[in-house]
Amino acid sequence: MNFVFLWAALGGAIGSSLRYFVGKMMPSKFLMFESFPLGTFSVNIIGCFVIGFMGHLAVKKVFGDDFGIFFVTGVLGGFTTFSSYGLDTLKLLQKSQYIEAVSYALGTNILGLTGVAIGWFLAKNFVGIH
């Protein structure tokens, strides 16, 4: 039996729990900001660092595929998908695919924010939940 999906699911549960824990541990006041999503910010930065570190080890075959699926796809995927975005962008830059990297980075941010805004608008105005 192939346990790939089980490894990813188990890692995802751990990563999601860690994200919740980190988010709850962080204060909402940060530096000069009265309300700053420090938990999400911290999770994204930590996740990017860890996926960079683990991504390099994966390329060098320091650990097996099952552990990579468990940790990178599962734990980090549950912790933050922003880390995958960072790794994908870095891979494009490393291959000197600069136009693709910039397009991906800008497109992800602009279209992601646009998607959130449209979803919010539709829920507010058409579902009737104000």
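A Cβ is built for glycine as well, from the same backbone N, Cα and C atoms used for every other residue.
What Swiss-Prot records for this protein:
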type	residues	note
BINDING	GLY77, THR80	Na(+) binding site
TRANSMEM	3-23	transmembrane segment
TRANSMEM	39-59	transmembrane segment
TRANSMEM	67-87	transmembrane segment
TRANSMEM	102-122	transmembrane segment
Q: Could you give the residue numbers and ranges of same-chain residues that sit at least 6 residues beyond the transmembrane segment (67-87) on either side and whose C-beta is under 8 angstroms from one of its C-beta atoms?
A: 4, 7-19, 43-44, 46-48, 50-52, 54-55, 58, 108
Q) Taking the Cβ of THR80 (Na(+) binding site) as reference, which residues of that chain separated by at least 6 in sequence fall under 8 Å from it? A) GLY15, ARG19, VAL43, ASN44, ILE46, GLY47, CYS48
Q: Quick one: give me the count of other CB atoms within 10 A of the CB of GLY77 (Na(+) binding site).
A: 20
